[in-house]
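Trainee: The structure that follows is given in the form of structure tokens.
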Amino acid sequence: MRVLGIETSCDETGIAVYDDELGLLSHTLYSQVKLHADYGGVVPELASRDHVRKIVPLIRQALKDANTEMADLDGIAYTKGPGLIGALLVGACVGRSLAFAWDKPAIGVHHMEGHLLAPMLEDDAPEFPFVALLVSGGHSMLVKVDGIGRYEVLGESVDDAAGEAFDKTAKLMGLDYPGGPRLAKLAAKGLPAGYKFPRPMTDRPGLDFSFSGLKTFTANTIAAEPDDEQTRANIARAFEEAVVDTLAIKCRRALKQTGYNRLVIAGGVSANTRLRETLAEMMNSLGGQVFYPRGEFCTDNGAMIAFSGLQRLKAGQYEDLAVKGQPRWPLDTLPPVA
């Protein structure tokens with residue numbers, strides 16, 4: 001089976017072609033970072049309009065790169081949600097229209113299921129069951145995964161997601177958009193400076209996250225300290241260590257609770273070097289394994305949507321002709337793949 005994947009949930013237009021026998025045949029991506037940089041964040045209306053401009057040329061390029069004609073496709077997968085409703089509708093309209101015109105089945109894919117399954121695009125793919133840590137700009141959650149569509153959300157953020165906390169803290173430090181990667185780069189220059197940042201919600205039972213208080217603590221620390229480059233780097237390091245330690249503590253709890261010894265990390269924040277190193281050390285000490293996608297598949301992309309959609313289309317799951325976007329969509333409401 002060969003599937004065209006379309007990702008337009010936020011500020012990246014991702015198109016890919018995936019074949020269940022040959023693997024990933026093509027992958028094209030357009031990022032809107034420069035478009036939104038002057039605003040310090042994503043402007044939904046601008047994002048939607050840019051998707052409209054870029055999506056068709058990218059589809060043509062992906063099909064050309066995959067040496068694939070319309071007749072070679074067996075289905076179309078597009079991101080249905082969660083995400084920005086205007087951006088989602090661009091991908092949904094194009095995906096559904098192509099499916100109708102080409103007489104192909106189509107399915108709307110859950111964006112976070114795409115991230116969760118992204119490590120399966122790698123040669124060293126995880127086997128079920130496992131615990132997944134999904135960390136991005138909009139989501140932070142721990143999920144018990146027993147199969148595709150067999151998900152139990154063990155914990156999630158009650159306020160700011162980890163990626164959102166990175167971006168907002170970067171803005172407090174005067175770093176340009178996108179702030180998360182820039183803060184991590186600054187933190188790499190930091191030294192242990194004796195800052196005692198809290199590890200939120202680790203002093204109580206449970207697997208939920210909360211990062212808004214940590215952001216406020218960082219803001220107060222910035223205001224009380226000298227405004228020089230090394231001090232800012234030291235504060236960035238302390239903040240990053242606090243976020244990573246918090247995520248690691250909750251991952252360890254989730255693994256103990258489930259009895260699983262495989263951990264998947266995915267989403268934009270999974271590209272963070274300190275997070276990867278910390279979780280790798282933790283899993284090594286526990287005698288387990290950690291899996292994550294390559295850097296280009298940590299952020300939003302069409303490959304993960306094509307792969308996820310293919311799994312469901314193969315199982316006979318597809319949707320009617322209605323164009324649907326679902327900005328809020330609980331992960332654990334998805335049907336299982338038999």
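Glycine too: its Cβ is placed from the backbone N, Cα and C atoms.
These came from Swiss-Prot, pasted as-is:
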- His111, His115, Asp300: Fe cation binding site (BINDING)
- Leu134, Val135, Ser136, Gly137, Gly138, Asp167, Gly180, Asn272: substrate binding site (BINDING)
Trainee: Determine which residues of the same chain, besides His111, His115, Asp300, have their CB within 8 A of the center of the CB atoms at the recorded Fe cation site, and list them by sequence.
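Mentor: Result: Glu7, Ser9, Thr79, Met112, Gly114, Ser136, Gly267, Asn301, Met304, Ile305.
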Trainee: Reduced to three states, what secondary structure does DSSP give His111 (Fe cation binding site)?
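Mentor: Looking at the DSSP assignment, His111 (Fe cation binding site) belongs to a helix.
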Trainee: Give me the count of other Cβ atoms within 10 A of the Cβ belonging to His111 (Fe cation binding site).
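Mentor: For His111 (Fe cation binding site), the 10 Å Cβ neighbour count is 29.
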